[in-house]
Every structure is written in structure tokens, then in C-alpha cells.
Amino acid sequence: MRFAIPLGAACAWAGVALAALQIAEDFSSITLNNDRFKAVWSKSKGSVVDMFLDGQDLLGPQSGSTGIGPYLDCYCVPSGFYTAGATNPRMQYVEGTDSTGTKYAGVILNDTYTPTGQQFQQYWFLRDGETGLHMFSRLAYYNETTPFLRNLQEFRTLFRPNTQLWTHLTSSELQTAPLPSKNAVSKQVVVQDATWRFNNTPDDAYYTQFSEYFTKYTFSNQWRDNDVHGLYGDGTNSNGSTYGAWLVMNTKGPLHSDLTVDGIVYNYIVSNHHGEGTPNITNGFDRTFGPQFYLFNGGKGSTSSLQDLRSEAAKLADPSWNAEFYDSIAKHVVGYVPSSKRGSVDGRIKLPKGASNPIAILTVDGQYFQDNSVVPSSYQYWTDIDTSGRFRIDRVVEGKYRLTVYADGIFGDFVRDGVTVRAGKTTTVKEKWDAESAGKEIWRLGTPDKSSGEFRHGVARDPTHPLHPPEYLIYWGAYDWQSDFPKGIDYTIGSSDPATDFNTVHWSVFGPTPDNPNVEYNTTHDWKINFSLTKKQLRNSKKATLTIQLAGAKTASGNTDEYKASEPYINLIHESYINDQKEPLSFVIGFNQSSSCIVRSAVSCYQVRSRMEFPADWLKVGENTLTLHLPYNATDTETAILPATVYVQYDALRLELD
């Protein structure tokens with residue numbers, strides 16, 4: 001192996017042939033190409049600036065930050081955004097043959113942000129016979145003078161084309177649509193941060209088929225469900241040949257969700273749009289993220305459909321895919337852990353009755369699984385559990401982990417700390433999950449599945465457009481609270497329908513929206529749940545327990561986890577009143593538990609829950625009422641064009657008697 005060295009003035013061009021794989025370098029660029037795929041890196045930009053599949057230009061002309069990529073940027077310097085390579089990009093290439101006998105070549109960007117000393121590395125690798133780029137991204141910070149810098153708020157790579165080649169975008173079967181036309185974009189109306197209305201171009205294909213509104217959040221997706229996302233060209237602008245550009249999510253994910261594609265194909269490595277925690281950048285921070293794979297398929301003469309090209313990409317969404325190759329290039333990638341330092345976990349857990357869709361998660365020992373980032377060096381892994389309770393997770397970096405299991409239909413999680421993984425070994429786990437219980441369940445509202453999607457304007461499909469996207473993905477302002485619930489929420493257990501009579505979000509304030517300038521305060525903040533109890537149910541009962549699980553909540557901190565003493569609702573108090581009791585059952589949603597959830601088209605974000613006990617004699621035979629209360633007209637100061645109201649999104653509620 002060798003690293004490229006700067007070329008002297010007498011040698012302006014050098015090419016190195018590796019059978020079908022070729023490397024070329026001059027003063028301004030490095031080029032990698034094989035029989036079908038070619039990528040060109042600009043040494044001055046630190047990014048891919050040209051890309052071709054079978055001779056077809058995949059990026060289009062460079063214009064500012066478009067027509068380039070994949071490239072690395074972040075929201076991680078004191079001033080905010082930074083694009084790796086913007087200060088002093090130093091580019092080099094590597095080459096070799098992996099353990100399978102396949103030739104490879106790689107390009108490595110090194111850049112240091114001078115004001116703080118933050119070090120960025122971006123790696124791109126091309127293998128012979130493949131039409132895509134394997135990528136790793138690294139950030140390091142060593143600074144004893146300023147040991148705490150800030151949080152790593154966003155860390156992402158972007159494939160950002162500037163061409164009419166691409167005609168459709170897709171992040172799932174439900175989230176597939178034509179790209180809005182240039183005409184629609186030129187006449188769009190801003191309604192919210194990164195959200196537009198196309199009412200001026202009602203004949204546009206996106207409008208007629210998918211939605212009147214477009215936002216990058218519409219195509220966000222949970223990592224657990226996201227194998228692949230990207231762009232498709234249907235041949236309209238490529239002489240009939242079809243093309244695909246995909247980010248293969250070969251590590252998948254549990255509850256984390258974020259942007260996937262909006263004309264840009266994203267790899268969101270670290271982010272907090274939907275309330276996930278982000279790691280702090282402190283002295284000694286040094287993380288390498290990856291691998292991820294950008295695949296480009298179809299090509300000259302291809303007639304493959306979007307679904308066909310997407311399925312081809314999805315077959316690669318497997319953590320074991322190309323493991324031998326990654327081990328071979330580990331010597332080039334600072335911080336990548338090879339297979340020799342990984343082990344496996346083989347488990348079987350007896351699940352509670354009624355559990356469905358169970359998942360096993362390994363995260364940092366001793367912490368709630370959604371708080372994995374509190375230890376910046378931590379790893380996480382997850383896999384679905386089969387119907388017999390068995391699961392296996394391979395390629396786990398050696399160390400000590402917490403095992404968390406959750407399932408649809410079951411309140412609470414199963415947690416076990418101290419699961420130790422050793423390199424080259426298999427750790428066996430055998431457990432029984434006894435579902436939490438505080439007595440006899442009297443009623444439940446909603447399905448405990450860490451989502452508020454079963455309620456109104458959640459996962460229900462939009463009936464007004466032929467592609468029928470789920471309603472929650474569109475834009476919260478497409479719906480009108482006053483029309484849906486003119487008298488507020490007055491729900492009766494046993495007779496009301498959760499899909500229509502209980503909203504997917506409990507607002508303190510609603511509005512205005514594009515079609516309704518009015519702001520509603522009076523019917524939003526108090527919700528009533530009515531239920532009947534019999535003498536038999538109450539007999540000998542001393543204690544009652546109300547469990548409330550939230551799929552997301554927004555306090556005055558939004559999605560930043562930042563404490564602002566000037567904001568009265570930085571910590572949000574949720575209150576529940578039983579019948580005519582003056583004292584509520586209360587729990588606090590902390591500033592560091594807040595999400596920007598429904599306003600960014602999500603029904604599952606950072607989870608918050610509380611189990612509250614109260615005397616059974618607060619209840620009575622016959623009709624009872626539970627009032628769910630948020631502060632009246634509770635708002636914050638928004639710096640972006642977003643609703644200022646606080647809100648919560650219910651996953652499920654349950655009443656038990658003992």
C-alpha cells in the first residue's frame with residue numbers, strides 16, 4: 001500500500017492502473033473509475049465534484065453547494081455549520097487488493113478547522129466491479145485549553161445533484177413521489193421552516209399525486225424501518241435509461257429518525273431533529289462513523305423500475321455485507337474496529353403475552369437506550385426478535401452493554417445491564433420479561449408502541465391524493481383543529497374511536513394555518529377521557545395507577561436540549577385531574593426530553609413516561625372523568641418558522657386498580 005504524494009511541476013498527471021480499476025491524479029483532482037463508474041474529487045473543495053455511471057452524468061453542473069457529493073458537513077463548530085474541506089483540504093489516495101482478491105482504491109480528505117483545532121476526515125472507497133462508494137466519516141477534537149467545545153448537533157454526508165436526470169424520490173414504499181418541478185419550486189409559498197405549499201401549481205405531478213405541501217421532513221423515516229432511500233430517474237431525461245442513487249442503511253436503527261431524501265440523498269449520522277440526544281465535543285473526542293454505502297445503479301439501457309432498483313439496493317442492507325473488505329481497509333480508516341475485535345450476542349427472551357414486533361437493543365451500560373450519546377464513545381446495535389423470542393446480534397464491538405427489549409402492545413421495557421461482549425466469542429443471554437403491572441388493568445387508550453400514529457391524522461392514509469401518504473407525514477397545518485374538534489377532546493372509553501376521536505397531538509395552542517388565520521386556545525389544552533366503573537371493579541381496591549406514555553413532547557427547548565432560564569415552559573408540567581380532585585397527578589417533561597416531533601412530521605420521537613399512583617377512593621361507581629391538562633396558551637420563543645406552542649403526543653394510557 002502507498003499514499004499519494006504531491007506531484008512536482010514536471011509531472012502534472014499520473015495514472016495508476018489496477019486492472020479495470022484506475023486512479024488518476026493531477027494538481028487539482030483525483031479520479032477513481034472502473035468499467036462502469038467514475039468519480040472525480042476536487043482537491044480544493046475536498047468533495048466529489050463529478051460522477052458518471054455508464055457515461056451518464058449523475059451530479060450535473062457545479063453551482064455553489066449543488067452538483068457535488070457525497071461530501072461531509074456538520075453543525076459542530078462554534079458558529080454552527082461547517083463543510084469539511086473548507087479550510088485547508090489535504091487529499092490523498094490509497095490502493096490495494098482486499099482479502100477476497102478484489103482491487104480497491106480510496107480517497108481520504110484531511111481538514112483542520114483552525115479556530116478550534118477540530119480535525120475532519122472523510123473516506124471514500126471504490127471497489128472493482130461495484131458502482132458505488134463506501135464511506136467513513138471522522139471528527140476528532142484535542143484541546144486542553146477549551147475542554148468543552150459544544151454539542152455535535154449534526155454530522156452528515158450529502159449527495160447533492162444539480163440535474164434533471166432525477167425524477168422521483170423515495171424513502172419507503174409509502175414515501176415515494178415525483179420530484180416537484182422547477183416551475184412548482186419557483187412559485188412555492190413558504191408556510192414553515194423547510195416547508196412549502198404548491199397551491200400556485202396545482203397541475204404539478206407532485207401536487208396531483210402526493211400532496212399540496214412539500215417538506216424535507218415528509219420523507220424522514222425511522223432507522224429501524226429504513227433499509228435504503230434515494231433518487232430515481234425514470235428515463236425521461238436520459239434517453240429512456242433508468243438510474244438510481246441510494247444510501248444503503250446497512251446498520252438500520254431503532255427509534256432514531258431523521259431526514260433521508262428531499263432532492264438531496266442524506267446520510268444523517270448524528271442529528272436531533274426529532275429530539276434524540278447528541279454527543280458533546282470535549283477534549284479527546286474522536287469518533288469514526290461508518291461504513292455507509294452510496295450505490296448508483298440502473299445505467300445505460302436499463303428499463304428497471306424504481307421498485308426494482310430500490311430492491312437491488314436493499315439487498316445490500318446487511319451489516320455482514322462486505323465485512324472482509326472493511327477488515328482489509330481498516331488500516332487506512334482511523335478508528336474503524338475490525339472483525340477481530342468484535343463478538344456476538346445470542347439471546348432468547350420469554351416475551352409477555354400480547355407482545356408483537358419485539359426488538360433487542362444493545363447500548364451503553366447503565367443508560368436509557370435513547371440516551372446512548374451521553375457517552376460519546378459508545379456503540380449501539382439492534383435486531384428484531386423472532387416469534388420464539390430468539391435473537392442474534394453479530395459484529396458487536398467488545399465491551400459492556402445494556403440490553404433493552406421492547407414490543408408493541410406492552411407497557412414499559414425489559415432492561416438488563418452488564419451484558420459483556422468479548423472479541424471472537426458469543427455471549428449467551430436467557431431472560432424472562434415479566435410485563436410491569438400495578439394490579440388489574442381497567443382500560444387502556446392507544447397501543448403502547450412508542451408512536452402516536454394510531455390517533456387522528458397519524459398513520460391514516462390521505463384519501464385526497466392517489467399515492468395516499470400517511471397524514472402525519474404531510475404537514476400539521478394541513479389539518480384544522482377547530483373543524484376536527486370544535487368542542488375539544490371528549491373521549492369515552494368503550495365507545496369512542498381512537499382513530500377519529502383522539503388527536504395525534506395534544507396542543508396547548510393551535511394555529512394559525514395557511515387556511516385558517518385564527519388561533520385556538522380554549523379547546524386545546526384540556527382533554528377529557530370518560531370511563532365507567534362498576535362496584536365490582538372498585539371493591540377492595542385501595543390503590544389506582546395511571547400510566548401515561550408519550551411518544552414525543554415539546555417543551556420550550558424544542559429539540560435542542562438547551563436550558564433557557566428565561567422560558568417559563570423550558571420544563572413542561574403535564575397534569576392529570578381525576579374527577580373533581582383539586583390536586584393533579586403531575587409529571588415534569590424536562591428540557592432535555594423535548595422533541596420537535598409532529599411539527600417535523602413525526603409520530604415517534606424521544607419517549608417520556610410516568611406511572612402515577614393515587615387513592616382508589618378518588619374514583620366512583622358509574623361515570624368518571626380524567627382530564628389531561630397542559631398549561632393554557634403555553635408558548636416559547638422560536639427562532640425558526642415553527643409553531644411556538646408546547647405539545648405532547650400520547651403513545652398510550654392505562655388505568656389499573658389494586
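Placement of Cβ uses the backbone N, Cα and C atoms for every residue, glycine included.
Neighbour count (other Cβ atoms within 10 Å of the Cβ, all protein chains): 17 for N110 (N-linked glycosylation site). DSSP assigns N110 (N-linked glycosylation site) to a strand segment in the three-state reduction. Residues or ranges marked as N-linked glycosylation site in Swiss-Prot (evidence: sequence analysis): N110 (among others).
Here Swiss-Prot flags N143 (among others) as N-linked glycosylation site. All protein chains shown were included, and the count of other CB atoms within 10 Å of the CB of N143 (N-linked glycosylation site) stands at 16.
Annotated N-linked glycosylation site per Swiss-Prot: N239 (among others), in sequence order, evidence recorded as sequence analysis. Taking Cβ-Cβ distances under 8 Å and a sequence separation of 6 or more, N239 (N-linked glycosylation site) has no neighbours in its chain.
Around N280 (N-linked glycosylation site), the same-chain residues at least 6 positions away in sequence with a Cβ under 8 Å from its Cβ are F148, L149, R150, N151, L152, P376. Summarising the annotation, Swiss-Prot assigns N-linked glycosylation site to N280 (among others).
Long-range C-beta contacts of N522 (N-linked glycosylation site), restricted to its own chain and to partners at least six residues apart, with a cutoff below 8 Å, comprise G488. Per Swiss-Prot, N-linked glycosylation site is recorded for N522 (among others).
Taking a C-beta cut-off of under 8 Å and a sequence gap of six or more, N530 (N-linked glycosylation site) has these contacts in its own chain: D490, Y491, T492, I493, E623, N624, T625, L626. DSSP assigns N530 (N-linked glycosylation site) to a strand segment in the three-state reduction. Feature annotation from Swiss-Prot assigns N-linked glycosylation site to N530 (among others).
The annotation N-linked glycosylation site is assigned in Swiss-Prot to N592 (among others). In the three-state DSSP assignment, the secondary structure recorded for N592 (N-linked glycosylation site) is helix.
According to Swiss-Prot, the N-linked glycosylation site annotation covers N633 (among others). Mapped onto three states, the DSSP output places N633 (N-linked glycosylation site) in coil. Within the same chain, the residues at least 6 positions away from N633 (N-linked glycosylation site) whose Cβ sits under 8 Å from its Cβ are S508, V509, Y521, H525, listed in sequence order.
Among the features that Swiss-Prot reports, signal peptide is placed at 1-19.
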Rounded inter-Cα distance in Å - N110 (N-linked glycosylation site), N592 (N-linked glycosylation site): 34
Integer Cα-Cα distance in angstrom, N143 (N-linked glycosylation site) to N592 (N-linked glycosylation site): 26
